[in-house]
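Student: Residues annotated as domain 'Rho-GAP' in TrEMBL: 1-107.
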(Lines of atoms letter the chains of each structure in order from A and count residues from 1; the text may use other names and numbers.)
(Lines give C-alpha, C1' and ligand atoms only; values in the text may rest on other atoms or scores of the structure.)
Protein backbone atom coordinates (compact mmCIF):
# COMPACT_ATOMS: atom_id res chain seq x y z
CA UNK A 1 0.00 0.00 0.00
CA UNK A 2 3.00 2.32 -0.41
CA UNK A 3 2.27 5.32 -2.65
CA UNK A 4 5.61 4.79 -4.45
CA UNK A 5 7.83 1.77 -5.14
CA UNK A 6 9.82 0.38 -2.21
CA UNK A 7 12.82 2.32 -3.53
CA UNK A 8 11.14 5.73 -3.94
CA UNK A 9 11.41 7.60 -7.21
CA UNK A 10 13.62 10.19 -5.54
CA UNK A 11 16.28 7.50 -4.90
CA UNK A 12 15.85 5.52 -8.13
CA UNK A 13 18.81 6.97 -10.04
CA UNK A 14 21.05 6.99 -6.96
CA UNK A 15 20.25 3.30 -6.40
CA UNK A 16 21.19 2.42 -9.98
CA UNK A 17 24.44 4.37 -9.70
CA UNK A 18 25.27 2.63 -6.41
CA UNK A 19 25.16 -0.89 -7.86
CA UNK A 20 28.92 -1.38 -8.32
CA UNK A 21 29.45 -1.03 -4.57
CA UNK A 22 27.45 -2.84 -1.86
CA UNK A 23 28.35 -0.19 0.69
CA UNK A 24 26.79 2.50 -1.49
CA UNK A 25 23.69 0.32 -1.93
CA UNK A 26 23.39 0.03 1.85
CA UNK A 27 23.56 3.82 2.08
CA UNK A 28 20.52 4.02 -0.20
CA UNK A 29 18.58 1.69 2.11
CA UNK A 30 19.46 3.82 5.13
CA UNK A 31 18.04 6.85 3.30
CA UNK A 32 14.65 5.20 2.77
CA UNK A 33 11.65 6.43 4.71
CA UNK A 34 10.92 4.09 7.64
CA UNK A 35 7.96 2.31 6.00
CA UNK A 36 9.91 1.68 2.81
CA UNK A 37 12.96 0.44 4.71
CA UNK A 38 10.79 -1.91 6.78
CA UNK A 39 9.15 -3.34 3.67
CA UNK A 40 12.52 -3.75 1.97
CA UNK A 41 14.01 -5.47 5.03
CA UNK A 42 11.04 -7.80 5.34
CA UNK A 43 11.12 -8.71 1.64
CA UNK A 44 14.85 -9.42 1.70
CA UNK A 45 14.40 -11.64 4.76
CA UNK A 46 11.58 -13.50 3.00
CA UNK A 47 13.61 -13.92 -0.20
CA UNK A 48 16.59 -15.18 1.80
CA UNK A 49 14.29 -17.72 3.44
CA UNK A 50 13.22 -18.85 -0.04
CA UNK A 51 16.89 -19.28 -0.91
CA UNK A 52 17.35 -21.46 2.17
CA UNK A 53 14.93 -23.89 0.52
CA UNK A 54 16.31 -23.65 -3.02
CA UNK A 55 16.69 -27.43 -3.26
CA UNK A 56 12.91 -27.74 -2.95
CA UNK A 57 11.76 -24.65 -4.86
CA UNK A 58 14.49 -24.46 -7.54
CA UNK A 59 14.98 -20.73 -6.96
CA UNK A 60 18.34 -19.02 -7.00
CA UNK A 61 19.53 -15.54 -6.06
CA UNK A 62 20.00 -14.50 -9.67
CA UNK A 63 16.39 -15.33 -10.58
CA UNK A 64 14.94 -13.66 -7.49
CA UNK A 65 17.08 -10.57 -8.07
CA UNK A 66 15.92 -10.40 -11.68
CA UNK A 67 12.24 -10.55 -10.75
CA UNK A 68 12.35 -8.33 -7.68
CA UNK A 69 14.76 -5.77 -9.12
CA UNK A 70 12.09 -4.64 -11.55
CA UNK A 71 9.46 -4.58 -8.81
CA UNK A 72 11.42 -2.71 -6.17
CA UNK A 73 13.10 -0.24 -8.54
CA UNK A 74 10.70 1.40 -10.96
CA UNK A 75 11.61 4.39 -13.08
CA UNK A 76 9.62 7.54 -12.35
CA UNK A 77 6.85 7.95 -14.92
CA UNK A 78 7.76 11.48 -15.98
CA UNK A 79 11.51 10.93 -15.93
CA UNK A 80 13.48 11.29 -19.12
CA UNK A 81 15.20 8.04 -20.03
CA UNK A 82 18.96 8.07 -20.18
CA UNK A 83 19.66 7.32 -23.83
CA UNK A 84 23.28 6.45 -23.04
CA UNK A 85 22.22 3.42 -21.00
CA UNK A 86 20.47 0.52 -22.72
CA UNK A 87 17.30 -0.92 -21.14
CA UNK A 88 19.20 -4.19 -20.64
CA UNK A 89 21.94 -2.40 -18.69
CA UNK A 90 19.33 -0.72 -16.49
CA UNK A 91 17.70 -4.09 -15.77
CA UNK A 92 21.12 -5.54 -14.88
CA UNK A 93 21.69 -2.69 -12.44
CA UNK A 94 18.32 -3.32 -10.80
CA UNK A 95 19.15 -7.01 -10.56
CA UNK A 96 22.58 -6.28 -9.11
CA UNK A 97 21.12 -3.93 -6.51
CA UNK A 98 18.80 -6.62 -5.15
CA UNK A 99 21.39 -9.38 -5.55
CA UNK A 100 23.73 -7.53 -3.18
CA UNK A 101 21.15 -7.79 -0.39
CA UNK A 102 20.35 -11.42 -1.07
CA UNK A 103 24.00 -12.41 -0.78
CA UNK A 104 25.19 -10.11 2.04
CA UNK A 105 24.14 -9.07 5.51
CA UNK A 106 23.44 -5.38 5.83
CA UNK A 107 22.07 -4.63 9.28
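First residue shown is number 1, and so on along the chain.
Note that Cβ sites are derived from N, Cα and C of the backbone, with glycine treated the same way.
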Student: Taking the domain 'Rho-GAP' (1-107) alone, what is its mean pLDDT?
Tutor: 94
Student: What are the DSSP helix/strand/coil residue counts across the domain 'Rho-GAP' (1-107)?
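Tutor: When I sort the residues of the domain 'Rho-GAP' (1-107) into the three classes, I find 72 helix, 0 strand, 35 coil.
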